[in-house]
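Listed in TrEMBL for this protein:
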TRANSMEM  12-32  transmembrane segment
TRANSMEM  44-63  transmembrane segment
TRANSMEM  102-123  transmembrane segment
TRANSMEM  143-163  transmembrane segment
TRANSMEM  192-214  transmembrane segment
COILED    234-289  coiled coil
TRANSMEM  306-325  transmembrane segment
TRANSMEM  367-397  transmembrane segment
TRANSMEM  409-429  transmembrane segment
TRANSMEM  481-505  transmembrane segment
């Protein structure tokens, strides 16, 4: 009976995970194909982008399974279920999840340090027409070796950083070396992998602060404000064309008598002719947009867009409030910087944490909510990247536009989204720490009452006996090194600040154009062909 119950609940958890897996693969394929350039489409880069994004989302989808399995080991009254009463069975379940994380995180390291860099540099070398395939592969491997070295260094640092107190100074050198190897062997490489993933998550934190925080404000407000009228934009564009043509004719009239134009006038003429080309291309795009059925349907669905925008901004505010309460709780009740601001439980009421604890027993409601939160982070991150582009400090490297994104830009996009999704695990922990650590587990406590004792249930926390509460494997990965937790803590404050700044900027901006991002000064007329057709 116990074995049958264990089997049915395990099958339920992994069945839902399989369904989510298929949905993730379908989403990634549609998502990448939507932004892929039709003229510069490459099979290998497309497959790489789809797989990299899918691996990141699958890793996030494993989080609710981890929480579900530790929570369903116990009854609501705090006692273990029959199939989980044996400690070996519980360890077997935990090891299954741990191996899943090992596999997925190892694939992420492979994607970030080997696969994506190789494919990116391969297509960068393809721009040279005089280079053959063999030379392209050789040069791509040469650049990829640098990323591989960084990966090896991170793994070695993580493997040999001692997490326990080292031997005394009186110990011999051999004892100290033996201690380091015992540290590595006893954890089966967990610190090495955790350090590497934490380093990538640190980069993902910077991407979240830059792109996700801005996207969380700009996407809802764009839905609420809508776009400008196509007819008004066409009229305005026609007037601009007439004005520029008049200025060009006035400059050309200066050389009708055979006199050459001054250098200043020639420079102005070139700028005006370039501006005229952009305006004419803009006019063609506006004409297409006016005839497009999607534009007409979008106008009819305007009330729904406003409603979605209001929902999204409320969700964003809920996240910010939950994050603020969680950070405030850590500031007031943790041991401070030296402990990584870690707290075991919640001392202040966190609305999102309470909601997840209520939904968790009714599986898969919490799974659906976590998936929605992850997808929300992806969509808002994409909105931020699309509005800002991909930048390296003050240099814009690539633009992200539907049907017109280069293969290299897609790889950069997926690299950023992969790092962002990695950081969402810590973001979800910050939003709902109790849920991520123990799920809905409870334990029994005997309280003396006169000559007898009464059993009462308490929510699992740091004060619970070690054999009564099982901690998720996700939490162990997130908090293996205290200094990363400290950086993540301050990163949460930076995220809140970036969101508020982005909200102010988005509110001050007017409505965007109906062809926003479709026409740029550095585009060619050839690039219009793939948009039209």
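Note: Cβ is positioned from N, Cα and C throughout, glycine not excepted.
Note that the coordinates shown come from a computational prediction; the quantities given were computed from them, not determined experimentally.
Remote same-chain partners of the transmembrane segment (44-63), defined as residues 6 or more beyond its termini with a Cβ less than 8 Å from a stretch Cβ, comprise 17, 20-21, 24-25, 27-29, 31-33, 36, 97, 100-101, 104-105, 107-108, 111, 115-116, 119, 122-123, 370-371, 374, 378, 407-408, 410-411, 413-415, 417-418, 421-422, 424-425, 428, 436, 474. Contact between the transmembrane segment (367-397) and the transmembrane segment (102-123) is not supported, since fewer than 3 Cβ pairs fall under 8 Å when only residues 6 or more apart in sequence are counted. Long-range contacts of the transmembrane segment (306-325) within the same chain, counting only residues at least 6 positions beyond its ends with a Cβ under 8 Å from a Cβ of the stretch, are 216-217, 219-224, 226, 348-353, 376, 380, 427, 430-432, 492, 495-496, 499.
Within the model, the coiled coil (234-289) shows a mean pLDDT value of 82, rounded to a whole number.
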